[in-house]
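J.: The structure under discussion is supplied below as structure tokens; questions concerning it will follow.
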Amino acid sequence: LGYMGIDDYKQMSPGTPTRMSQRSFKGEASEPSPGGAGAARMDMSLPSVWRQKSVDVLNRAAIQRKSLAEHRAAYWKYNEEVRRAQYSMQIQVNDALIKKKSTLELLIDKLNSAANAAQPVVKLLQEYKARLESELSEKVTYLDRNQERSAIRDQRGPSELVADEPQRQLVAQETLLKDAIVQQEKNLKEITETLVQLEMTQQELEADMHDKKEAWDLNNQAEQQCVQPTLKLPNLPSKRIDLTQANAVKLDKDVDATYEKVQQDALLSPNVWHSSTMKNIDKSKRIQTRAMGLCDGCELITRKLSEAILQAHHWVAQSLEERLKEQKKMVEELNEQFKLTLEEIHEAETTVTMLKQSLEDLMEPLKVSEKRLEIHSKRPERELIEDDVQIHLKAELSELRAQKALLEQRKLKVENMLEDMCCTRNEISSDVRDKTQAIEIDTRVLEMGSFPERD
């Protein structure tokens, strides 16, 4: 009876009177019987009394069932709303996990690509750094060798210690080497700084990639632990819950919901948690681009400096070779002149000896002529006349004296010439000695060399 309504009860008791006490059914008090209190006690034993009480019980049960149905319907409605909210949250969580997973995978790929792209650049910078250090050491060695060559050439004799073409080329080469060393040190400093920055960025990328992989693993674990979004409602009769066709269609759509694939632009939209990653990637790309440009610039500058230094070396070698040829030619000419000067000195000495001998030979006739003239001048006064003998004696004496003066003059002139030729001989000998020493020095400097040939 607890689950039957009034209409069901009426259908189950067709023999009962149809006109029951409406007042009792409606909850109104029935009219008192004419018999008083005793009559009322007698009515309790009548069939209508216990039926009336049953009807009251049935009414109360119907009211309770109605209230219970209302509460149950409200509960199921609230439960449906809660389940739909939970379903929506699960959809959002799964969607966020899938989007986060895709974003992490994309970021890991980008980090891996950036790290892999940076490795050849790091290796290239390391090779350039080692190459620049080697070339800088070579240029310092070349500068020391060039200064040593200049110091060796400063040991030339006084007559050869002039600013000739090889000396000017050595000075120009030394200036060029100093400028090249300064430029090389500047390039090495820039390469080192760029390499340090790129290695630091590489470490940041690797650390970030490690963190992203760890986050990806944790995201997968969270995704595996997440409940599959479903919306299951209790299977109740339609009369117990208002599940219309529209709600059923909506429920089917909710259950069959699918995820749309997120584009990369949406995945990499500005976000706080991965903006630093994108900044590191962009920083790595900028440093790589700057490093490649720096390497190209250093390569161009190094090549130009090497060509200029090599050209200067060729100019020094060429000027030294020309100087050696010139000096050897001069030494040959000086040796030839030295031989001629020695011959002329010998002839001059022979001439001086001959003139001395001639003077010595002339002194006896001169004394005889003077003696004869003196004796002839002692004649008696009567005979002391200017006769032919006197005239010839005087002429002879004058001639002898003139020859003596001429020989003395010639002898003095030859002696002066001999003295000049001796000085010339000494100068030529000294010049030959200096040039021979200069030839030896320049040959030594030329054989020292300075720079290796480069492709």
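The backbone N, Cα and C atoms fix where each Cβ goes, and this holds for glycine too.
Sequence annotations record features per position, and here TrEMBL assigns coiled coil to 181-215, 317-351, 390-417. The compositional bias 'Polar residues' annotation in TrEMBL covers 13-24. Residues or ranges marked as region 'Disordered' in TrEMBL: 1-41.
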J.: Sort out the residues at least 6 away from either end of the coiled coil (390-417), same chain, that have Cβ-Cβ distances under 8 Å to it, and list them.
T.: 348, 351-352, 355-356, 358-359, 362-363, 365-366, 369-370, 372-373, 376-377
J.: Over the coiled coil (181-215), what is the model's mean pLDDT?
T.: 88
J.: Please give the sequence-distant neighbours of the coiled coil (181-215): residues at least 6 beyond its ends with Cβ less than 8 Å from one of its Cβ atoms.
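T.: Residues 104, 107-108, 111-112, 114-115, 118-119, 121-122, 125-126, 128-129, 132-133, 135-136, 139-140, 143, 276-277, 280-281, 283-284, 287-288, 290-291, 294-295, 298, 301-302, 305 contact the coiled coil (181-215) from elsewhere in the chain.
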